[in-house]
Each structure stands twice: as structure tokens, then as C-alpha cells.
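For reference, TrEMBL has these:
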type     : residues : note
DOMAIN   : 127-191  : domain 'Mechanosensitive ion channel MscS'
DOMAIN   : 196-281  : domain 'Mechanosensitive ion channel MscS C-terminal'
TRANSMEM : 26-46    : transmembrane segment
TRANSMEM : 79-100   : transmembrane segment
TRANSMEM : 106-123  : transmembrane segment
Amino acid sequence: MILDIVDIIEWITNIPGNLKIILGGLYNPLVLIVKIIAVLVISVLLSKFGSKMIRKAMEKQKSFKHRLDDKRIDTMSTLLVSVFRYTVYILSGVAILTLLTNALNLQSVLAAAGIGGLAVGFASQSLIKDVISGAFIVFENQYSVGDMVTLEDRTGVVEEIELRVTKIRDSKGDLHIIPNGEIKKVTNHSRGNKTVVVDIPLPYRVDVNKVFEAADKVCRSVSEEFDTIVENPRVLGITELARGGFTLRITAKTLPGAHWEVERRIRKAIKEEFDRENIELS
């Protein structure tokens with residue numbers, strides 16, 4: 001009985017050798033595959049855990065007395081997560097390449113590297129361009145997470161700024177992933193107060209004085225509804241005389257991102273007030 005237990009313990013301690021005998025020529029390839037899978041699993045887990053810890057640490061920054069604004073913190077959070085993930089993936093790639101180099105014939109590895117070297121060179125040029133452009137975007141503070149921007153011909157809210165790409169979501173909910181190196185023109189709609197411009201087309205037969213009185217009433221009413229208005233709505237005056245009528249313009253200034261809502265409210269209030277006063281619109 002004791003000898004049986006000793007034999008079992010000895011067999012367990014010699015599992016690698018026993019497996020090598022059992023598997024024969026398949027042993028080394030299987031060990032290589034297991035090691036590669038282990039590297040991949042560890043890199044994925046490390047990436048997820050590290051990203052979570054970075055986000056938690058950056059979120060705590062928002063409670064500090066002396067800190068960056070929330071948008072800047074969110075921007076730095078997404079960038080640091082991106083840098084961390086790329087670092088983990090690059091290191092795992094190096095580890096896998098090292099395993100392959102040690103396990104396979106070095107000449108065959110070098111030959112494969114030579115065949116793919118040209119493609120890798122072209123890909124790395126694009127990658128470096130994207131990374132450098134991303135660094136300038138962040139350091140120059142061109143836009144932050146949460147900003148409404150137009151990048152080339154895409155308009156939306158910035159969700160993530162990564163090392164290589166910027167992700168924006170448009171008003172339809174579509175997510176656009178744009179390589180940083182392709183961003184040549186940036187329009188940031190979230191910096192500085194925004195101007196509201198409402199043009200009202202009217203026929204010449206309406207009473208101009210009555211129109212101005214109704215429009216003034218709308219301006220006073222709307223100015224009391226919003227705390228995002230910086231300069232109250234006012235009737236700027238008649239801005240165009242066309243063949244079929246004239247255009248009355250109302251302007252206002254709001255905080256960033258609030259101008260669309262105020263503009264829609266002015267239009268609705270104008271329609272309601274003009275209907276009550278029997279003022280015809282073109």
C-alpha cells in the first residue's frame with residue numbers, strides 16, 4: 001500500500017516527463033500552444049483589470065479640491081487606458097514571438113519575419129502617425145470627452161480619445177471610429193458661448209409693429225425659462241427684404257451645448273404667439 005502511494009507521488013512529480021513519453025512528438029508543440037494561450041489569457045485579464053483600476057483612480061480625481069475639469073479627467077482616463085492596453089498587447093506580442101523563436105527553427109522565423117517585414121513597415125508608419133496625432137490632440141486640448149465636435153465631415157459627441165483613434169457618437173446613435181492621423185480639421189462646438197439665430201420669414205402684408213411687439217413678448221417669455229441663457233433673446237430687426245417678403249431675426253447667447261434647445265423653444269413660442277395674434281408666416 002505504501003509503495004503504491006509512493007509510486008503515485010513519484011508519477012505526479014514526473015508528469016512532464018511522463019507526458020513527453022505518452023505524447024511523443026506532439027509534446028513540444030502542445031506545450032508551445034499552452035504557453036501561448038496562457039500569455040493571451042493573462043494579457044486579456046491584465047488589460048481588463050488594469051483598465052478598471054485606471055478608471056477608478058481617475059474618477060477619484062473628480063472629488064479632489066484642486067483638480068482638472070471633469071471633461072479633461074475623462075479624456076486623460078480614456079487615453080491612459082488606451083496606453084496601458086497597447087503596452088500590455090505589445091509585451092504579450094513580444095513574449096509570444098520569443099516563445100516561437102525559442103521553439104522553432106530560428107532561420108524559419110527570420111524568413112517569415114523577412115516576408116512580413118515590408119507589410120509591418122507600412123503598418124507601423126500609419127500607427128506612428130496616428131499615435132503622434134493623438135498626442136497633439138490631447139496636449140493641445142483640441143477637444144475632450146463629452147465635447148460636441150465635427151471631425152472632418154462627422155459630427156457627434158466625443159466618447160473616447162485613445163492613443164490611435166477617436167470615437168464619436170452622432171445624433172442617430174452611430175459610433176464613428178476615426179484614426180487620429182486622418183483628422184485634419186476640428187470644429188469644437190463646446191468651447192465658448194454659443195449664438196442662437198432664429199430667422200422668421202414674413203409676408204409684406206403683415207403689420208410690422210404688431211410683429212415686433214409679438215416677437216418682443218416671446219423673447220421676454222423664453223428668457224425666463226432657461227438658466228443656460230447668457231444673453232437674453234432680443235429682436236435684432238429686419239435682416240432681409242426679398243421679393244416675396246422680409247425676414248425678422250431674433251438672437252441670443254447660451255452656454256455651450258444649450259443653443260439648440262433654446263432655438264427650438266423660440267421657434268415654437270413664435271408660432272404659438274403669432275397664431276394668437278393672427279400674424280401670418282411665409
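Positions of Cβ are set from backbone N, Cα and C atoms, glycine also.
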Helix, strand, coil residue numbers for the domain 'Mechanosensitive ion channel MscS' (127-191) per DSSP? 16 helix, 25 strand, 24 coil
Please compute the mean pLDDT of the model over the domain 'Mechanosensitive ion channel MscS C-terminal' (196-281). 93
Per-state residue totals over the domain 'Mechanosensitive ion channel MscS C-terminal' (196-281) - DSSP helix, strand, coil: 34 helix, 29 strand, 23 coil
